[in-house]
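Feature list (source: TrEMBL):
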DOMAIN    2-484  domain 'Amino acid permease/ SLC12A'
TRANSMEM  27-49  transmembrane segment
TRANSMEM  70-90  transmembrane segment
TRANSMEM  120-141  transmembrane segment
TRANSMEM  146-165  transmembrane segment
TRANSMEM  213-233  transmembrane segment
TRANSMEM  254-277  transmembrane segment
TRANSMEM  297-322  transmembrane segment
TRANSMEM  343-360  transmembrane segment
TRANSMEM  366-390  transmembrane segment
TRANSMEM  402-422  transmembrane segment
DOMAIN    495-582  domain 'SLC12A transporter C-terminal'
């Protein structure tokens with residue numbers, strides 16, 4: 001932390017800002033630093049640290065996206081910091097040994113030419129020296145650090161003594177000018193109340209090295225670089241024996257010590273040096289010292305140490321990034337290490353980038369950029385600690401406890417405010433670059449096994465909101481379908497899974513599966529090994545669904561379990577979706593080219609092959625209808641999907657031909673023409689589901705076509721107008737088509753041997769009309785005629801919605817019921833049979 005700012009820029013800060021503002025700057029800077037140090041110590045004492053310092057902390061806390069992007073930003077911060085310290089060292093060397101401005105030849109020790117290119121050459125040589133030390137390894141630097149600390153401590157003691165021991169003197173200052181050079185006289189007055197009064201307030205002027213007018217933000221940007229060394233210890237976390245012990249103690253001690261020293265020196269400078277000396281001679285400490293050569297040695301040692309520290313830190317971050325493979329081949333070269341484990345290629349690459357930054361030429365030029373980078377990194381370190389604290393994960397229990405979420409939040413706020421005060425342009429550009437890196441890593445890098453803090457935070461928030469989701473406050477206005485789709489083998493249900501995903505309308509969607517095994521007879525749960533395959537299927541098909549698997553002695557018992565237990569709180573399935581029970585051989589929808597573009601490759605999942613047509617089914621016809629009856633008893637809506645695997649959604653919905661694809665809706669019970677109504681609960685639910693499908697993004701181009709079955713002498717136009725008014729009230733846009741079906745109903749009455757309008761046996765059960773002897777009153781001839789009626793309506797739709805009657809109360813009639821459903825839907829293509837038991841439409845606001 002004691003680097004170029006202590007010896008070459010502290011007078012600059014005090015001279016421009018004055019004592020009051022300088023103390024305020026130190027307070028703000030160390031407030032930010034203090035909050036960040038608390039976060040660093042908390043994270044550092046929560047587990048084993050490895051190479052990478054702040055990058056390692058952030059990536060393991062916030063996940064690879066934040067970690068990788070902030071890692072790059074921190075790498076750039078250390079690179080620019082190293083260049084800044086090298087430029088400060090060049091400035092000190094030129095000040096000591098450079099030929100004064102306006103002179104062609106040097107005298108005595110002043111032999112080094114001064115120009116942009118010469119100073120770039122000096123910086124290159126000094127950087128090469130840092131490179132040699134870093135190539136030998138961090139151990140030699142660590143050993144030299146204590147020696148450098150002793151040198152800096154002795155020099156600092158000498159400077160403090162000099163303020164008291166040196167008599168008042170005038171200091172001639174040679175400044176570069178358009179006509180050669182200009183000389184001004186600064187003065188060291190000794191302790192003087194008059195000098196102190198003149199230096200209390202700010203007096204911003206032009207910086208003589210860059211020619212730019214200074215302000216509070218530009219001076220703060222330079223001053224803040226004297227505080228950025230707090231990460232030096234964590235950057236070397238991979239080289240420390242006990243990082244979780246050493247980092248908190250060393251970092252906090254350094255912060256307290258440097259804060260006291262900076263404030264003390266600022267007061268002494270304001271009380272003893274006039275403003276001209278402070279503003280126009282950045283190396284004045286050497287001029288007023290009782291032993292000037294020692295100050296020169298201290299400047300060289302401190303700045304060289306800081307430059308090497310940042311170069312080592314940058315190389316360790318780059319090596320950690322490369323080792324984690326977040327950027328793939330782009331950083332593959334940085335993985336190479338020496339026999340002793342020193343990442344030599346990362347050091348060389350870091351050195352090259354620092355060399356490029358040296359072309360900026362002046363220390364004050366890059367100070368703002370360096371400060372912005374460091375503030376951004378510090379804000380993210382605080383964010384990482386805040387996220388860990390807010391997630392309330394049981395495994396976050398750092399041994400360092402002197403922090404709260406308040407300190408983290410204050411640290412983030414302080415960093416963000418100062419970042420934009422210093423340079424809004426640099427801050428915005430840095431955040432934009434950070435966002436681009438974050439998105440690139442999110443979409444391009446492989447998944448990691450570090451653990452994602454986002455998952456812990458999501459869990460925390462979801463649990464809280466689930467508790468707030470009160471089922472007693474449900475209202476029909478906000479009803480949405482919450483689907484449980486039963487899948488035997490996903491290979492034969494890929495298009496059905498995608499279709500139901502369009503039907504869910506942002507509601508809950510669960511893929512259910514029943515494994516016919518007995519846990520008592522097994523050594524372990526077989527579902528655990530299948531879970532990953534199902535989750536991978538959800539990812540590959542790009543559907544927003546959960547997975548729920550269960551063991552049961554029969555499929556019917558398993559579906560009951562899932563209907564009872566799936567979901568949580570107010571998010572439970574209200575609709576059961578089943579594939580149709582027929583003898584058609586299943587087709588492998590995962591092996592053939594996908595019908596929907598969200599699947600970009602064949603899905604290499606561990607699902608068994610589909611059953612052969614000769615293999616007996618796991619489910620009987622009676623059990624299948626029993627599942628439908630069970631769902632209706634539990635007040636769940638039921639959808640039966642037939643031939644959905646033949647639905648080529650991509651072709652149907654993206655063909656350019658006119659007219660657009662249609663969705664046919666038959667909201668009448670075709671198996672009970674004597675009870676045909678369009679406004680019962682089931683019909684309205686069927687209308688709602690067709691409308692929901694039409695609202696899905698992929699189906700918006702499709703058009704709804706509603707079929708109104710009419711008989712002669714029943715005033716069809718009045719029925720049509722009534723239905724049109726219903727659609728208007730429900731805000732459903734659909735074309736109504738009248739369908740005469742006298743010939744069909746005549747077949748029904750012939751079978752029943754009763755006149756139209758005669759008494760019909762009905763049973764009311766929980767507000768839903770139930771026909772216990774439904775199947776005994778309809779002949780196969782009638783059902784085939786109804787099937788033909790539906791089939792003749794042209795053009796052929798993309799999908800049909802038909803009314804699903806309730807199963808008969810007599811379970812012995814289940815096979816006949818299923819047989820008539822099969823006849824009704826035979827050859828219709830993609831068809832959905834719908835039975836609703838709950839009110840789902842509303843005409844209210």
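A Cβ is built for glycine as well, from the same backbone N, Cα and C atoms used for every other residue.
Sequence-distant neighbours of the transmembrane segment (254-277) (same chain, 6+ residues past either end, Cβ-Cβ under 8 Å): 1-2, 6, 10-11, 13-15, 18-19, 22-23, 26, 30, 33-34, 37, 156, 159-160, 163, 171, 173, 184-192, 195-196, 198-200, 203, 226-227, 229-230, 284, 288. Within the same chain, the transmembrane segment (70-90) packs against the transmembrane segment (343-360): three or more Cβ pairs sit under 8 Å, each pair at least 6 residues apart. Listed stretches 27-49, 120-141, 146-165, 402-422 were compared with the transmembrane segment (213-233); the greatest number of C-beta pairs under 8 angstroms is found for 27-49.
Tallying C-beta pairs under 8 angstroms between the transmembrane segment (146-165) and each of 27-49, 297-322, 343-360, 402-422 places 297-322 first. Each residue of the domain 'SLC12A transporter C-terminal' (495-582) gets a DSSP state, and the totals for helix, strand and coil are 38 helix, 22 strand, 28 coil.
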